[in-house]
Amino acid sequence: YLVLIQLFLGNSCRFIAKPCAINLGIQDSGPHRAQPNAILEKVFTSITKSPDGKRLEGLSKQLDWDVRKIQRWFRHRRNQDKPTTLTKFCESMWRFTFYFSIFFYGIRFLWTAPWFWDTRQCWYNYPFQPLTSRLYYYYILELAFYWSLMFSQFTDIKRKDFLIMFVHHLATIGLITFSYMNNMVRVGTLVLCLHDASDFLLEAAKLANYAKYQRLCDAFFMLFGVVFIVTRLGIYPFWILNTTLFESWELIGPYPSWWLFNGLLVTLQVLHVIWSYLIIRTASKALVRGKVSKDDRSDVESSSEEEDVTSNSTKGIFSTSSNGSNRLNGHVAAGQWTGE
């Protein structure tokens, strides 16, 4: 299933996302390229990509360049290896397609499931509960997708929120695998569907930003923030954690793996609180400035302080300098946007 998902992603980027991006006027052009310089290139490739003050002074004397010019060169050089807007648009489109499809598949499946309306049904006759084919495919597809995110995280641009997302992916994969092995798939489907509820809105906001539809981007972002906070800080603890911590204890007792299972679920809740705080802080800045602020965890650095100020005042959170990969699977980091 992992191989199938990777093939689907590759073909969707090639035959669907790329033509859509071109029709929207998104060009396959990257950041400003650094001026060719053999000495600086050697330092960049062999010694350091971010020279300290002492090395900058030495290079300034050697090249007879101003220190600020050398700093700008290194920023440009780091940026030119980053993915283009077209690449990021394609990545966000396949993520949007998956999140949107799997969420509505989950809703359609769970709508007729008794445990969707009464969470105590998750524990009746446990562990002797049937595993239907629809439930099996739902689980396997989700697991394969999160494994693909785990692998791609090491090949994507490393973000400030790399550790948080790594913990998130580990906890998610651990929960999916653990719940499947212990036949806790009923409550597992509730957790999966709840987490998918907001992720496709985040990717939709990124797509709107890459296409330079700023108002639509901000609208999707605000909607994402509301849905994320309601589901992760409201429904998740009072619906999911309530049944796994209290109803399960009451109906089947503290089974041997109870502590590990709930420990992983509580770990996710801690991450939810962190991300919700960052989303709220970003939204607060948006209200002050009139639009969502620039992505502080961007993979492309501004080439000067003046560029930073301009970028913060004119671009949205998903500016063309931000990478759609993170995410959360693409959520928030450093007070801005991380699934995602």
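Heads up, the Cβ atoms here are built off N, Cα and C, so glycines get one too.
As recorded in TrEMBL, the features of this protein are as follows:
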COMPBIAS  314-328  compositional bias 'Polar residues'
DOMAIN    87-288  domain 'TLC'
REGION    296-340  region 'Disordered'
TRANSMEM  96-116  transmembrane segment
TRANSMEM  136-155  transmembrane segment
TRANSMEM  162-181  transmembrane segment
TRANSMEM  220-239  transmembrane segment
TRANSMEM  259-280  transmembrane segment
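The highest tally of CB pairs under 8 A with the transmembrane segment (96-116), across 136-155, 162-181, 220-239, 259-280, is held by 136-155. Within the model, the domain 'TLC' (87-288) carries an average pLDDT of 87.
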